[in-house]
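Let me begin by presenting the structure, written as structure tokens, before commenting on it.
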């Protein structure tokens, strides 16, 4: 499902006090600063094999929300995984953790938000969970709901 982008500030103004706006401050890394789409989720800790497996599947503009437990010890996404996501039709990634290859990520036409960077690779064992509710910054990200992200923040509707 392709979702038309709407600025998060406009969504907040139209929804009002019931808005689900993420309080966690993410940094922009991808080449696309505005993105929106249906939510898919992964929960993994310092292991990106499951994340890569999910992004290997085609998506019609989905956004993968990755709960990496806020770890900045290893990167969950780098240029290879970001290119894979872009080539398979994903609109964006929201990573509660670290990324790497920051300069290269800016050149990939996909939205990527993360907490920070670390050049250290993650493990590739495949541990984690998929299709689970993920709680970040006071917001519950539910698979199938729609997330909007831009320079002002992240809103779930």
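Including glycine, each Cβ sits where the backbone N, Cα and C put it.
Source: prediction; values computed, not measured.
Noted in Swiss-Prot for the protein shown:
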type    : residues            : note
BINDING : 78, 79, 80, 81, 100 : substrate binding site
BINDING : 101                 : divalent metal cation binding site
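In sequence order, 75, 77, 82, 83, 99, 101, 104, 105 are the residues of the same chain, not among 78, 79, 80, 81, 100, whose CB sits within 8 A of the CB centroid for the substrate site. In the structure shown, across all protein chains, 81 is the one of the binding-site residues 80, 81 with the greatest number of other Cβ atoms within 10 Å. Maximum intra-site Cα distance, substrate binding residues 78, 79, 80, 81, 100: 10 Å. Taking Cβ-Cβ distances under 8 Å and a sequence separation of 6 or more, the neighbours of residue 78 (substrate binding site) in its chain are 99, 100, 101, 104, 105, 121. Under a cutoff of 8 A between CB atoms, and with a sequence separation of 6+ in the same chain, the neighbours of residue 79 (substrate binding site) are 100, 101, 104, 105, 108.
According to DSSP, residue 100 (substrate binding site) is assigned to coil rather than to any helix or strand.
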